[in-house]
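Colleague: Got these off TrEMBL a minute ago, pasting:
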type: TRANSMEM; residues: 20-41; note: transmembrane segment
type: DOMAIN; residues: 78-222; note: domain 'Flavodoxin-like'
type: BINDING; residues: 84-89, 136-139, 171-180, Asp206; note: FMN binding site
type: DOMAIN; residues: 277-518; note: domain 'FAD-binding FR-type'
type: BINDING; residues: Arg296, Thr532, Ser593, Arg594, Lys599, Val600, Tyr601, Val602, Gln603, Asp636; note: NADP(+) binding site
type: BINDING; residues: Arg422, Arg452, Tyr453, Tyr454, Ser455, Cys470, Ala471, Val472, Tyr476, Gly486, Val487, Ala488, Thr489, Trp674; note: FAD binding site
Amino acid sequence: MAEPEVETQTLDPGAEEESLFTALDLILFSFIVGLVVYWFLSRQKKEQIPEFKKLTTAAPPVRETSFIEKMKKTNRNVVVFYGSQTGTAEEFSNRLAKDAQRYGMRGMSADPEEYDMSELSRLSEIDNSLAVFCMATYGEGDPTDNAQDFYDWLQETDSELEGVNFTVFALGNKTYEHYNAMGKYVDKRLVELGATRIFDLGMGDDDGNLEEDFVSWREQFWPAVCEHFGVEATGEESSIRQYELVVHTDINMNKVYTGELGRLNSFETQKPPFDPKNPFLAPVTANRKLNKGGSRHLMHVELDISSSKIRYDSGDHVAVYPINDTSIVNKIGELLAVDLDAVISLNNLDEESNKKHPFPCPTTYRTALTHYLDVTNPPRTNVLYELAQYATDPKEQENMRKMASSSPEGKALYHSWVLDSRRNILAILEDMQSLRPPIDHLCELLPRLQARYYSIASSSKVHPNTLHICAVVVEYETKTGRLNRGVATNWLKNKVVTDNGHKSTVPMYVRKSQFRLPFKASNPVIMIGPGTGIAPFMGFIQERSWLKEQGKEVGETVLYYGCRHRAEDFLYQEELEEFERAGVLTQLNVAYSRDQEHKVYVQHLLKKNKEHLWKLIHSENAHIYVCGDARNMARDVQTVFYEIGEELGGLTRPQAIDYVKKLMTKGRYSQDVWS
């Protein structure tokens with residue numbers, strides 16, 4: 001860096017003497033001017049100080065990451081953690097935290113992602129304390145996204161949890177290979193670390209009746225808590241409101257949420273990264289019907305992601321946020337005689353809670369019922385219990401309370417009248433004419449409308465700027481004669497490319513998956529996907545085709561696909577037959593289940609080709625992929641592989657089961673299934 005010029009100058013001593021007074025005058029003058037300027041500026045600054053202070057005090061508060069300190073500060077002794085992907089575990093967690101009050105205890109619901117879970121060892125600092133874990137299992141026995149860090153900590157920690165009381169309720173689905181794996185692991189690991197299990201692990205099965213499983217477990221759980229801690233039920237069975245209603249009569253509409261999930265106005269000004277709280281509004285570039293006949297509507301939808309910086313791999317899932325049918329929303333408004341466009345906020349009565357509102361507020365009832373709340377699924381028993389007080393007909397009130405009870409008669413009534421009849425909240429309001437609850441309490445009780453996940457039906461190597469969805473529109477008649485329509489698929493069906501001159505958009509983000517093509521392209525792949533289970537395999541086949549074009553050595557690519565009729569619902573028929581002609585698909589096996597007297601499914605074709613399959617699996621390191629229905633198809637396909645192991649590998653049934661399990665562990669048998 002150059003030195004300042006004044007320091008390098010040399011002055012003549014004679015010249016300095018002659019100009020001494022002039023220089024002194026200049027120095028004095030400069031000094032006086034400097035003082036005046038300093039005095040003037042300091043006055044200006046003093047006037048600005050209050051404004052500056054205001055700015056610093058307006059900074060957002062730092063979020064408390066210590067659940068122990070929060071419990072002490074708010075006098076809580078029960079914390080209910082939830083691992084939730086679709087909102088059910090969170091809902092159960094809220095119900096248990098609310099229950100605590102009825103037993104003279106104070107509870108809080110907590111997202112493990114928001115807290116330092118290593119503080120669990122400090123729970124014994126709080127008298128009569130209890131940690132409850134409502135843990136859902138996601139995918140192939142994985143933790144939910146918000147419980148991943150907690151799961152990692154449990155695996156790595158050697159913390160001493162002596163004196164920590166806990167219990168676990170697990171949420172899963174029996175049709176899946178790793179039923180309730182996360183709940184079982186948390187239960188087992190906490191005991192290993194020295195914690196005390198005060199009540200048995202609860203097992204909720206979504207393939208049966210998850211609500212009933214939870215209610216039955218809960219009915220036994222609270223008496224066990226009372227016994228362990230020596231407390232008694234307070235007898236308070238009245239409704240406990242969690243939120244208070246604020247009606248905004250004079251508000252700037254730019255400050256009102258209109259469907260955004262996180263940041264206000266995020267749909268107007270889109271900023272990456274895009275995730276569950278900040279979805280990207282992807283323009284629809286194609287929406288076509290795939291099937292040539294039949295009563296169903298199977299569709300192919302393409303979304304433009306070119307301006308989003310979103311990247312995806314074959315096998316990933318796209319999450320879309322649908323909206324409810326406006327006719328359902330309007331009917332609820334009519335029945336409850338409310339102005340749906342009133343601007344409101346529901347504010348948490350617990351000021352210390354991280355969850356300030358049940359959905360983004362301020363907003364309107366119309367927006368809440370359209371974008372934020374689930375109005376199409378049958379309501380759970382706690383909703384019926386809370387709403388019963390508003391039924392003016394004693395018989396209707398009695399039936400609602402009965403359905404919310406754990407008595408065999410009540411469970412049977414809930415099962416037949418609500419679940420089997422698929423009555424949503426609108427149907428219940430229509431069929432119970434004396435039930436007219438305040439809309440704000442109804443909005444407090446209804447669960448959040450969840451994102452819907454679809455296997456991406458394209459490869460980003462071939463389609464880097466678009467992402468494809470393949471889905472069947474859900475529509476059926478209920479036992480009460482009502483027509484129920486799937487929220488997301490009917491909404492997607494109506495997403496035409498341009499709507500009144502505007503581009504149709506879909507709020508979406510990409511969720512990574514473990515459903516991946518083998519690292520070595522030379523490995524053979526066996527893909528089994530009937531119906532819309534074809535979706536991820538369209539991406540796989542496109543990618544194998546691209547790899548071939550790049551000059552890579554690509555192993556055998558075998559597809560087993562199934563549909564009802566060749567002439568009606570053979571999805572992507574032209575594309576698949578072209579891939580076969582080009583040698584990308586080395587085998588295209590299609591089962592037409594209803595084109596002959598006896599039904600033929602993919603598992604029958606697998607049996608037929610057992611020698612070829614065994615050679616690929618046992619000798620050539622093939623990877624197996626199954627996509628579609630978990631309840632029947634995936635299970636039947638797995639059984640066929642057991643049988644092939646027995647017949648051609650000379651294995652016993654237990655050995656064959658173990659052989660397939662090892663393939664799964666090595667990542668050579670992957671499933672992307674739903675029930």
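A Cβ is built for glycine as well, from the same backbone N, Cα and C atoms used for every other residue.
Note: TrEMBL annotation is automatic and uncurated.
Would you situate these features in the structure and describe their surroundings?
Modeller: Long-range Cβ contacts of Gly87 (FMN binding site) within its own chain (separation 6+, distance under 8 Å): Pro447, Arg448, Gln450.
For the domain 'FAD-binding FR-type' (277-518), the mean pLDDT of the prediction comes to 96.
Counting only residues at least six positions away in the same chain, the Cβ atoms of Met299, Ala471, Val472, Val473, Val474 sit under 8 Å from the Cβ of Thr489 (FAD binding site).
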Colleague: Can you count the other CB atoms that lie within 10 A of the CB of Ser593 (NADP(+) binding site)?
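Modeller: By my count, 17.
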Colleague: Between Gly139 (FMN binding site) and Arg422 (FAD binding site), how many Å separate their Cα atoms?
Modeller: 26
Colleague: Ten-angstrom check, please: count other Cβ atoms within 10 Å of the Cβ of Tyr601 (NADP(+) binding site), all chains counted.
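Modeller: A 10 Å sphere around the Cβ of Tyr601 (NADP(+) binding site) contains 17 other Cβ atoms.
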Colleague: Let me check the 10 A CB neighbour count of Gln603 (NADP(+) binding site). How many other CB atoms are there?
Modeller: 24
Colleague: Far apart in sequence but close in space: which same-chain residues, 6 or more away, have a Cβ under 8 Å from Asn173 (FMN binding site)?
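Modeller: Result: Tyr179, Asp205, Asp206, Asp207, Ala630, Ser675.
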Colleague: Rounded to a whole number, how many Å is the Cα of Ala136 (FMN binding site) away from the Cα of Ser593 (NADP(+) binding site)?
Modeller: 35
